[in-house]
Amino acid sequence: MSKTIIEFKNVSKTYADTDTTVLKDISFELEEGKFYTLLGASGSGKSTILNIIAGLLDATDGDVILDNKRINDLPANKRNVHTIFQSYALFPNMNVFDNVAFALKIKGVDKKEIAKRVSESLKLVRLDGFEKRSITKLSGGQKQRVAIARAIIDRPKVLLLDESLSALDMKLRKDMQYELRELQQSLGITFIFVTHDQEEALAMSDWVFIMNEGEIVQSGTPTDIYDEPINHFVADFIGESNILNGRMIEDYLVEFNGQKFEAVDGGMRKNEPIEVVIRPEDIWFTLPDEGKFNVKVDTQLFRGVHYEIVAYDEFNNEWLIHSTHKAIVGETVGLDFDPEAIHIMRLNETEEEFDARIEEYVEEEETVGLANAVEEENAEEEAAIQEAVKEALENTMELTELAETVNEILQKQENEPESENKESGANK
């Protein structure tokens, strides 16, 4: 069973001078050795959580637990937590070695031990041999690695990263995503990463917290959040989406765009107003009148791996489609999608209500699915038995026919000598 390393219990943060509440009753548990991401727009409260964990801000209410100890009153330098800031906060007047060794020198660690641990840390971030290099001579990615090496040199329980990739160019940022994830897994310590970049959050994390206006709107694995957004905000914030108003006719049957469609969601009231989400990559073009409905292509952009196409249906709903096929602006085409592509969102549903509903109807599906599986297995066995019996009967018939043929041949052979004897006597 995984150990809880950090816990927030009903934590809030209010700035008294402006009476502004930036965190509202936040509660969560983080397990040791996992990669967590706090994802949200500016002002959502994500960096406030990071600073409270680091000891740079005090919580107004609630308890902050680190490694089973309440740390609300523990100074920042007494917490086994390190922070990597967006600016990296490296010392430009020191070389790489001295930057990485700084914390150990302050603690009075033996010089040989310092040299050993600096070497180990630089190897982990692939900067061995850079010990004497000036900080001012390093690239952005190399500075990032030095900051990480300095942060991990005394093996903190938790590493906090505050928008630490945002200063890098796109290619280097993608490369560092792989390196950070690999480093976290090799070290086995807890990473808490703050970003406004959805791609970074989805690519690196074991678990993502979506934040908005000081609250956690939804949390889950990257796949869960992308495939099952809880509300309009999450669906719109994570990736690109087509979001429409609709009505849940009954379980697994939804109405939108003036039509009824088979879906895979359930657990809602009949005729309940809902919102429908369909991702642009889950839609494909057909000939007119051969899909679910027709749209008219309005614009398209080439994005390298796909065309991003905007089209409008007869109700003037905008549709975003990702396609590897180029469209013709102004043409009418059909749109099609599978039932699995339709995600249903209830209006004003909390994360707790969402989780309970999903669990309830998934268990229902699993029970029905098991019964169906048993029934199908029994039917298959019965069919196999019937086939075996049929084959045995056919074999028996073939054997009977063969036996009759053999008997006829033997009888014929027995009769032939008698005929020959009669002919021989007549000749004499």
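Glycine is no exception: its Cβ is also placed from the backbone N, Cα and C atoms.
In Swiss-Prot this protein carries:
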type    : residues                                               : note
DOMAIN  : 6-238                                                  : domain 'ABC transporter'
BINDING : GLY40, ALA41, SER42, GLY43, SER44, GLY45, LYS46, SER47 : ATP binding site
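Of all the binding-site residues listed here (GLY40, GLY43, SER44, GLY45, SER47), it is GLY43 whose C-beta has the fewest other C-beta atoms within 10 angstroms.
Mapped onto three states, the DSSP output places GLY43 (ATP binding site) in coil. Residues near SER42 (ATP binding site) in space but far in sequence (CB under 8 A, at least 6 apart, same chain), listed by position: HIS196. Taking a C-beta cut-off of under 8 angstroms and a sequence separation of 6 or more, ALA41 (ATP binding site) has the following same-chain neighbours: HIS196, ASN212, PHE237. Same-chain residues that are not part of GLY40, ALA41, SER42, GLY43, SER44, GLY45, LYS46, SER47 yet have a Cβ within 8 Å of the Cβ center of the ATP site turn out to be THR48, HIS196, MET211, ASN212.
A 10 Å cutoff on Cβ-Cβ distances gives LYS46 (ATP binding site) a total of 28 other Cβ atoms nearby, all chains included. Confidence over the domain 'ABC transporter' (6-238), given as mean pLDDT on the 0 to 100 scale, stands at 91.
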